[in-house]
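Below is one structure, written out as structure tokens; the observations come after it.
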Amino acid sequence: MEHIRTPKVEQVKLLDRFSNKSVIGTLHLTATHLIFVESNSTSAQEIWILHHHIASVEKLSLTTSGCPLLIQCRNFRLVHFVIPRERDCHDIYSSLLRLLRPVSYDELYAFSYNPKQNDQQREEGWQLIDLAAEFERMGVPCDQWQLTDVNREYKVCETYPRDLYVPITASKPIIVGSSKFRSKGRFPVLTYFYQEKKAAVCRCSQPLSGFSARCLEDEHMLQAISKSNHNSRYIYVMDTRPKLNALANRAAGKGYENEDNYSNIRFQFVGIENIHVMRGSLQKLLEVVGTRSLSMTDYLVGLENSGWLRHIKAIMDAAIFLAKAVTVEGASVLVHCSDGWDRTAQVCALGSLLMDPYYRTIKGFMVLIEKDWISFGHKFADRCDQLDPDPKEVSPIFTQFLECVWQLTEQFPQAFEFSEWFLIQIHEHVHSCQFGNFLGNSQRQREVLQLKERTYSLWAHLLSEKQNYLNPVYSPSFAESHPVLEPSTQACHFKFWRNMYHQYDRSMHPRQSILKQVLTFKESNRELEGTVQALKTKLQKFGVSTSPLKEDAPASTDGERTVEGSSATENGYGELTGSFGSKNEPAVVTLEFGVARMTC
Amino acid sequence: MEFAELIKTPRVDGVVLHRPFMPTVEGTLCLTGHHLILSSRQDTTEELWLLHANIDSTEKRFVGSLGTIIVKCKDLRVIQLDIPGMEECLNIASSIEALSTLDSVSLMYPFFYRPLFEVIEDGWQSFVPEESFKDLESMTDEWRLSEVNKDFSLCPSYPSLLTVPKDIDDESLCKAASFRHGGRFPVLSYYHKKNAMVMMRAAQPLTGTNGRRCKEDEKLINATLCAGKRGYIIDTRTIAVAQQAKARGGGFEQEANYPQWRRIHKAIERSNVLQDSLIKLVEACNDQSHSMDRWLSKLEASNWQSNVKEILTTACLAAQCIDREGASVLVHGTEGTDSTLQVTSLAQIILDPACRTIRGFEALIEREWLQAGHPFQQRCAQSAYSNGKPRSEAPVFLLFLDCVWQILRQFPCSFQFNENLLIMLFEHAYASQFGTFLGNCVAERGKLQLSQKTVSLWSWVNRPQELERFLNPLYEPNNLVIWPSVAPQSLLLWEGVFLRWNRSTKCLDEAYQEMVHIIEYNKELQNKVNSLRRQLAQLETEDKMVADLK
């Protein structure tokens with residue numbers, strides 16, 4: 001609290017990002033949030049911005065109406081306040097500067113957030129996702145794959161989890177030898193097992209091959225992976241980097257596998273760009289779509305120049321390649337990039353999602369993130385700028401993964417148990433630091449921070465409000481007819497994800513949401529089924545036997561709705577509002593957004 | 001002329017049909033006067049019945065004696081026919097070519113088509129001007145129905161009955177007509193009940209280089225203004241284009257002569273530019289290269305989405321003037337038959353909930369497109385694959401449908417119809433068994449005796465069996481003005497038309513069916529609950545009566 005000099009400023013103007021509209025309200029600064037409350041009592045919208053969500057604060061030069069303060073958030077919200085007095089503005093500005101740069105983990109919101117749960121509930125929350133059970137679900141351990149305790153004390157690889165699965169034939173000396181030949185000690189381990197063909201998806205970091213170095217243990221390791229799959233004589237080694245980047249790495253004593261040294265490998269570059277390119281790309285994208293009165297030409301040219309969709313497609317292409325190799329050829333695949341925690345995580349996770357319908361359920365998707373991202377050491381703290389920022393380490397790698405999943409939900413509307421709001425909500429919390437799951441860079445670090453004892457798990461929170469994230473047209477039987485998703489990779493099928501990048505720019509959204517309407521119908525169906533049952537029970541007390549539902553459908557006038565809350569207009573918008581963050585759903589369709597300006 | 005003369009080889013066996021995302025079919029190819037038919041003679045496989053009028057262009061290739069004809073259709077589908085035998089292939093190709101480019105309207109299929117359904121409601125009589133005038137009369141008495149164009153001599157492209165201000169006599173109308181391009185003097189397009197403001201449409205005034213004026217024209221449009229009120233003239237052309245038009249005798253309303261009107265210029269492209277845009281867009285959509293940069297740059301270069309945005313923006317502007325500014329509006333471009341109609345019809349969809357019902361939308365198309373004289377036959381003669389020299393082809397109507405689709409996407413619960421209706425209209429505007437879109441104006445349709453000799457599209461669409469396919473299950477009527485967002489991020493490519501044949505829609509269709517099912521089940525459950533409640537209430541009253549008796 002000592003950083004807050006002015007906790008409350010009145011008569012603050014909030015400017016709309018894309019129109020000339022503005023509202024007046026009061027700005028509150030708390031230890032965790034910046035809150036804007038609109039003065040107008042009838043609509044009185046509130047905006048809550050978590051300090052952790054703020055990426056940058058900018059004080060613009062003084063104008064006649066006051067001092068503008070521009071706040072840019074990691075969830076792509078952009079707010080523009082005008083504060084009447086410069087002194088207040090400066091106070092808020094400097095407080096925020098301090099508040100959004102926590103100096104130690106203890107300052108993160110997760111350590112003060114208290115959802116009124118007891119210790120037992122918290123513990124249960126953390127136990128929801130069990131990776132050992134997940135490997136068991138895949139059929140591991142089995143006659144070819146086993147759990148190794150080589151990393152129990154994080155001695156072989158600091159950034160890997162304790163429990164790792166390796167081929168039966170890979171002995172400890174081979175593992176240790178191989179790990180010494182891999183960047184950051186990240187040796188090849190199992191991440192997904194395709195039971196049907198006994199094919200494995202393994203991941204690692206680049207080999208320290210330089211121009212000519214080789215390592216027999218590493219070669220053995222790959223051979224062990226190959227041998228564990230009798231369906232295929234070869235394994236694929238996917239280097240997810242562009243060839244040029246891999247070549248450049250050789251000069252630094254790193255590089256890629258030499259096909260001459262490894263028996264029966266098929267080596268493949270897939271050309272996903274590095275974290276710096278991705279960071280720049282998103283920045284360009286946001287600049288373009290943040291432009292006021294954007295013309296169609298500038299939008300499309302900007303979209304192209306940002307390269308964003310090209311990168312999304314590159315990741316998707318790689319995942320499809322992986323899924324095909326495993327499911328069609330029955331070959332095992334080893335995936336790596338440089339350190340094996342960015343592009344590798346993207347491709348392994350997305351590839352698994354294409355192959356395994358389980359990961360397309362709400363619970364399964366949590367498991368997938370827990371496995372390929374959290375446990376295998378995607379550096380969330382660095383990439384999402386949680387603490388001690390190094391701008392060169394920040395990159396939207398995980399955002400891209402979520403977007404790839406969204407692109408799939410657009411092509412396969414019935415394949416996923418969750419809707420895009422689930423993805424968006426996860427994205428919110430990756431940056432919110434409200435829950436412990438994504439704090440830190442590795443499992444080891446999380447243990448040191450005692451996250452399970454001191455913070456809450458996001459997964460329990462999300463499951464508790466699961467109904468908000470359901471996809472109403474999800475069909476569990478879709479998985480039977482489409483166990484493996486085969487998305488189109490034609491460029492025209494990749495779209496700009498408006499609801500993610502313009503989540504808070506309501507004027508750009510459809511004014512009525514099909515998703516919410518259908519969800520409401522589905523919820524209403526559930527209630528009505530209950531009502532029908534209750535009524536039947538009552539009728540039976542009168543000795544009337546009731547017919548099953550389908551038989552009688554007496555004519556009732558169309559608009560007639562006697563059941564409370566059954567009409568879409570009654571509860572369609574109200575019901576879900578609170579749960580999607582602080583967004584306010586527009587009341588039906590009266591909103592008018594200065595659609596066109598008059599020019600003479 | 002006998003069609004038989006054009007058909008050198010009426011049937012070929014062993015023809016293989018390739019269609020994207022569908023299994024190949026081998027069968028017998030037959031040519032009739034109006035159709036290309038491929039039949040596998042098996043019950044299970046779907047047959048191909050393609051109207052010659054739907055064929056936009058053909059290409060032929062030979063490998064040895066195997067010939068291949070690539071048929072590109074006006075609905076943007078591309079199919080391939082492998083025909084054994086070079087001579088057969090050449091014969092078929094030339095027949096298709098000839099049959100698909102027949103010049104005479106009276107040889108078109110609608111004149112030969114006999115419906116297999118009973119016409120219950122004759123669509124030719126469904127939307128007559130007298131009826132819509134009755135609606136207007138119930139709201140205001142400021143307007144009258146004029147017969148000044150009875151014999152189409154005053155304005156060949158207008159219908160015989162026109163709604164004009166009550167105080168303007170036919171003589172003044174004649175003078176105003178002589179001052180407007182093609183005789184298209186200002187007439188009523190829409191009456192906004194909420195605030196009694198109106199939208200009119202016309203063609204450009206013939207001011208020419210020396211600034212001609214016409215008192216009757218000024219009087220005519222001033223008659224629609226309330227005392228002391230100003231109105232807006234929306235010229236769909238840029239000021240530069242409007243200036244240039246003066247040299248050819250056209251022009252725009254001078255401020256000095258129309259002091260009560262404020263003129264706004266927008267930039268909707270002319271028809272030949274739009275045709276080029278369509279060709280480029282379709283080319284981009286059919287590009288099989290998987291490069292993202294290539295796709296986005298081609299999409300951009302086609303300018304299609306820019307055209308959608310500009311048209312929608314102009315329509316929103318017109319609607320805004322009427323609803324928000326409380327002002328009357330006059331819309332025109334050059335001829336008043338293309339961009340003008342896009343704007344006036346879209347503005348009505350935004351403003352008038354009635355236009356968002358199926359009936360109302362049909363009436364809108366009848367009123368603002370067919371009777372208003374959009375030259376369908378010229379504009380829709382060829383589509384995106386045409387090799388021929390473009391004459392007056394332009395996707396003006398398709399752009400209108402695209403804009404409606406954009407609004408529908410943003411207000412998915414405000415329309416009684418779904419996307420299928422829009423796609424169907426697109427198809428029938430370009431090739432149809434019905435006579436509705438034949439001819440260029442009411443006068444031409446009369447001469448062709450379409451209402452006697454052909455079946456109306458509406459006779460078919462409005463049958464309950466057909467209608468079902470076009471109903472939007474999410475529809476909840478609302479009486480509000482619906483303002484769409486015109487930000488580029490909010491406008492999407494209309495995949496249902498432009499990517500229709502380039503993707504498998506199975507997953508999307510099934511998801512849509514599931515949504516329909518959820519909503520239907522809801523209705524069913526509500527009926528069930530109602531009936532059980534009634535039953536229970538009855539039993540309870542009986543019970544109570546019995547108890548009371550005791």
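Cβ atoms here come from the backbone N, Cα and C positions, even for glycine.
Look at TrEMBL and you will find A:125-501 tagged as domain 'Myotubularin phosphatase'.
Around A:Asn274 (substrate binding site), a 10 Å sphere centred on its CB holds 16 further CB atoms from the protein chains shown. DSSP assigns A:Asn274 (substrate binding site) to coil in the three-state reduction, placing it in neither a helix nor a strand. The annotation substrate binding site is assigned in TrEMBL to A:Asn274, A:Ile275, A:Cys337, A:Ser338, A:Asp339, A:Gly340, A:Trp341, A:Asp342, A:Arg343.
Residues or ranges marked as domain 'Tyrosine specific protein phosphatases' in TrEMBL: A:306-350. Under 8 Å from some Cβ of the domain 'Tyrosine specific protein phosphatases' (A:306-350) lie the Cβ atoms of residues 159, 182-184, 186, 188, 191-192, 194, 196-206, 222, 225-226, 228-229, 231-232, 234-241, 245, 249, 254, 266, 268, 270-275, 277-278, 281-282, 284-285, 288, 368-369, 371-373, 376-379, 383, 395, 397, 400-401, 403-405, 407, 484-487, 489, 491, 494, 496, all in the same chain and six or more residues away from its ends.
Feature annotation from TrEMBL assigns active site, phosphocysteine intermediate to A:Cys337. Around the Cβ of A:Cys337 (substrate binding site), a 10 Å sphere holds 27 further Cβ atoms from the protein chains shown.
Feature annotation from TrEMBL assigns region 'Disordered' to A:546-579.
Residues or ranges marked as compositional bias 'Basic and acidic residues' by TrEMBL: A:549-563.
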Just to be sure I understand the packing, how many Cβ atoms besides its own are within 10 Å of the Cβ of A:Arg343 (substrate binding site)? 29
By DSSP assignment, list the helix, strand and coil residue numbers for the domain 'Tyrosine specific protein phosphatases' (A:306-350), in that order. 29 helix, 5 strand, 11 coil
Number of other Cβ atoms within 10 Å of the Cβ of A:Trp341 (substrate binding site) across all protein chains: 26
Average pLDDT across the domain 'Tyrosine specific protein phosphatases' (A:306-350), rounded to a whole number: 97
10 Å Cβ neighbour count around A:Asp339 (substrate binding site)? 19
For substrate, whose listed binding residues are A:Asn274, A:Ile275, A:Cys337, A:Ser338, A:Asp339, A:Gly340, A:Trp341, A:Asp342, A:Arg343, the greatest C-alpha pairwise distance in Å: 12
Any further residue of that chain within 8 Å (Cβ to the Cβ centroid of A:Asn274, A:Ile275, A:Cys337, A:Ser338, A:Asp339, A:Gly340, A:Trp341, A:Asp342, A:Arg343) of the recorded substrate site: A:Ser205, A:Thr240, A:Arg241, A:Thr344
